[in-house]
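These come from TrEMBL:
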- Gly12, Asn13, Ser14, Gly15, Ser16, Gly17, Lys18, Thr19: ATP binding site (BINDING)
- 1-82: domain 'Myosin motor' (DOMAIN)
Amino acid sequence: MTGHNQCIVLTGNSGSGKTTQLRNFVHYLAEVAGWTRSLPYEKLALALGVVEAFGHAASALHRDSTRFLHLFSLGFDKAAAL
C-alpha cells in the first residue's frame, strides 16, 4: 500500500477479454483482501452478472459485447483492510 490513490484501466479491442479480466481482478481482490470470509466470490460474481445482463448487447464482432463502463471505488485502511 502506497497511501496514494491508484487506478487500473483495462483497455483493448472488442472481444479482447476486458470483462473477463475484470472478473479475474475482482476475484483476486476478494481473495487477497479477505472479503471471501464474509462474502463468497460466487455472490460477487452473481452481482456482476446482474449488472452485465443490463449492459451487454450483440455487436458485429461479438455476441455479448459490454456496452457500459465498470467503475469501482474501494477504500482501504492502513492495515490494507477494505
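Any Cβ shown, glycine's included, is placed from N, Cα and C.
All features noted in TrEMBL, drawn onto the structure.
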residue	record	CB count, 10 Å
Gly12	ATP binding site	9
Asn13	ATP binding site	9
Ser14	ATP binding site	11
Gly15	ATP binding site	13
Ser16	ATP binding site	12
Gly17	ATP binding site	12
Lys18	ATP binding site	16
Thr19	ATP binding site	18
> Taking the centroid of the Cβ atoms of Gly12, Asn13, Ser14, Gly15, Ser16, Gly17, Lys18, Thr19 as the ATP site, which other residues of that chain lie with their Cβ within 8 Å of it, listed in sequence order?
Replying inline: His62
> Across the domain 'Myosin motor' (1-82), what does the pLDDT come to on average, as a whole number?
Replying inline: 81
> For Ser14 (ATP binding site), what is the secondary structure state per DSSP, taken as helix, strand or coil?
Replying inline: coil
